[in-house]
Each structure stands twice: as C-alpha cells, then as structure tokens.
Amino acid sequence: MSVIKTNKQIILLLSETIATRITMFMCVPFLMIYLSNNFHFSATELSLIIGINPFCTVIFGPFGGRLSDRISWKKTLYIVPLFWGMVYLSFAFASHFLVFLLLNGLNGICYVTYESTVKKVLSFHSTLNNRKLVFNLRYTCLAIGAFLGPLLQLLFPNTSTAQMYILLGMTYLVSALLNRYFFTDQQQNTEKNSALHVKSKQVVPADNQRTVVFLVFLLGIAFSYFAYAQFQSTVSLFFTSDMFGTNGNSKYSLMLSMNALLILILQFPILRFTQRFSPLKLLMVSNMLFSLSLLLVSRSSSWGIFLAMVLSLSLGEVLLGSNFDYSVDGFSTVEDKGFYFGLSEMVRIGNTVGPIIGGMLIEKFTTAHFNEVFLLLGLITLLGQLFLSFYGKFRKTAQ
C-alpha cells in the first residue's frame, strides 16, 4: 500500500479514472435513449451505433496495445485523451447516422489504446504483491464513477445528453494536460522497477497452442460482456417501453446507481471471502450471475425482482472485474504487457454482438414480448460456461 501512497502516477491515473467515469456515466448509458428520442433511428441503426464501439475495440485491440508498447507512455497518455476529448465534444453536434457511427467507432479505438496504456503503467508502477490491489482499486474507481454519474444525471434532469458529452470531452482534455505534466520521468521509473517485473514474470503463451488457449479463455469471458452490454442497450429500451410502465427512465437510472453502489460495498468483502477459490471458478460463477440477472429483467417491475436483478448483476461484475485484469497480467512479459492487455479487449466482442442481437430479437418478437427476448439472451450468456470449461481442461493438461 505504501507504494501506492507515494506514487504520484498511480494516484493521478486513479483520480482521472473517477473524474472521467463520473462524466461518462452521466451520458454514455443514455446514448441509445438520446438517439431514439431525438433522431428516430430504427432499432437496428441504434444497435449498430452502440455496437460499433466495442467492435472497433476488438479489431484495434492488439494494434492499440502494441502501440502502447512502442510509444512512450508520456506521448500516449497525452495524445490519446486529447483526441478522445475532441471526439466526445463532436457527439454534442452530430445529427446523422453515419456521423454517430464514425464517432462511436473512434471512441472505441481511443478506449483500447488508452486503457491498454493505463493498465500497463499501473502494472509497471506496482509490485507483484500489491498489483492485484492496484487493479482492484482501479475497478473501485470505475464503480465510483458508475455510481455518481447516473445519480448526478438525475439531479440535473434539465441538462441534455448533448451538454453532458461536452462536459465529458472537457474532462478528457484536462486529463491530457495533467498527463503531459506528470509523466516526465517515465524512463527513470521504468528502469527502477524493471528488476521487480522480471521476478513477477509468469508463464507466457509463447507458442501457438497456448495462444489459442488464451483466446478460448477470452471467448468465454466475452459471453459475460455480451450480457453486460444488454444493460446499456436492450434493458434501457425495456425500461422505457409501454410493457414496463411509468417512470422507466428513473428506475433505469436507479438501477445503474444501485449497481455501482453495491459494487463499492461488496467488492472488498467478496475479494477477501473468495481468495481461496481459483479465478477461473469465480469467472464461471460470474457468468451464471449475469445470465440470472437477464432472466429477471422482464419481471423487474416488481421491486423484489428488481432488487434481485441488481444484486445478481453487481455480484457478477465484482467477480469479473476483480479477476480478469489480474489473470491477463499473468500472460504477459515486461516487453509486451500492452499487447496482451490490448488483446484481452477481444472480450468486448460480446459488447458488439450483444446490442445487435438484442435489437434483432426486439424486432422479431416486438416490444410486447420482452419475456422471450430476455430468456434467449440469458441462455446465450450461459454458452460462456462451455469455453471456460474447455480452457480449464487445457490448463490442467498443460500443468
């Protein structure tokens, strides 16, 4: 913990994570509702706009990660958020389908490049003993932003989503300037920590077979991301539909805030309780919890079912977030951490496919049959169990 307290780079990146995520969750989860109400795009067009973001994240993941290995941290942490901020500012002034499609695609490319670099920097500035703690603190910062963002959005109901995107863009521009100032001694810190990282080097998928096994692992996790994506697309449409009833927008905002609050409350107690279990088993339990939460959505007009849905969703996120980055870190060496963190973004193919399949199911069954929609989505999520089990068998064989 002392390493974290005395490392200004870690403190800065965690602080920026809170600020950017607060403003991000004031507008991004409501993007589909904003587009639907103001521009009257079809369900398929809405799904494509939402889905292009994780699609670009998946396609450019390895490239963005490799870029973070080749370019200095100072340049990446300054140039990317600077451009990213301008992309978000452009959202406020866009009005055409293709423009939104382009902007959200650029949003995904900026995300994977910046996130790969941030995770790499956090890994370099931590030791093997506190690295999982650092990743968990970062996840806590994400949860704080996810909790306060929708809550602040409720407190300012007269502020448009377009105005929120302007605020989000300005936040990233400020982050770019701060990064340019603070990240000036990268080489010195890298050399100082290199010995620590050589000792922390774990088994790396150096041959093709191990790389394929790693990709199977990512594919299994992608089904959990598939389920999570529904809560920013299909679920938001359900809450604003006639089938749900009145006050759908408010209850959807409440769901997002309760989810983030539960993550903050439960994260460290659950981490302590689950230390004796393998990360793979916990990730499989996470997948089942995501599936359960989707099965409960169509009945969430009842407060009891609503609370059970949010609880299962939150538990699934805690188990996923606290184990995934730490597991991926074990696949990389000092030289290629950015690449493997970028490659791990392939799990977001679930975010791409999720909204598209959700939109297609809505068009097939119509909004009057959300029960069937969420039943199928929940069953699709459980397919992740097959790939994670397959990965577990290969890992035991390798050992």
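A Cβ is built for glycine as well, from the same backbone N, Cα and C atoms used for every other residue.
Note: TrEMBL annotation is automatic and uncurated.
These features come from TrEMBL:
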DOMAIN    1-396  domain 'Major facilitator superfamily (MFS) profile'
TRANSMEM  12-34  transmembrane segment
TRANSMEM  46-64  transmembrane segment
TRANSMEM  76-91  transmembrane segment
TRANSMEM  97-114  transmembrane segment
TRANSMEM  135-156  transmembrane segment
TRANSMEM  162-183  transmembrane segment
TRANSMEM  211-231  transmembrane segment
TRANSMEM  251-268  transmembrane segment
TRANSMEM  303-326  transmembrane segment
TRANSMEM  373-391  transmembrane segment
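Sequence-distant neighbours of the transmembrane segment (12-34) (same chain, 6+ residues past either end, Cβ-Cβ under 8 Å): 46, 49-50, 118, 121-122, 137-138, 141-142, 144-146, 148-150, 152-153, 161-162, 164-165, 167-168, 171-172, 174-175, 178-179, 182, 232-233, 236-237, 240, 249, 256, 260, 355. For the transmembrane segment (135-156), the most Cβ-contacting stretch among 97-114, 211-231, 303-326 is 303-326 (pairs under 8 Å). Panel annotation: around the transmembrane segment (97-114), residues 35, 39, 41, 45, 48-50, 52-57, 60-61, 64-65, 67-68, 76-77, 80-81, 83-84, 87-88, 90-91, 342, 345 of the same chain, lying at least six beyond its termini, place a Cβ under 8 Å from a Cβ of the stretch.
By the Cβ criterion (under 8 Å, sequence separation of 6 or more), the transmembrane segment (211-231) is in contact with the transmembrane segment (303-326), since 3+ such pairs are found. Most Cβ pairs under 8 Å with the transmembrane segment (76-91) belong to 162-183, among the candidate stretches 162-183, 251-268, 303-326. Within its own chain, the transmembrane segment (251-268) has Cβ neighbours under 8 Å at 25, 29, 136, 139-140, 143-151, 153-154, 231, 235-236, 239-240, 244, 306, 309-311, 313-315, 317-318, 321-322, counting only residues six or more beyond its boundaries. For the domain 'Major facilitator superfamily (MFS) profile' (1-396), the mean pLDDT of the prediction comes to 83.
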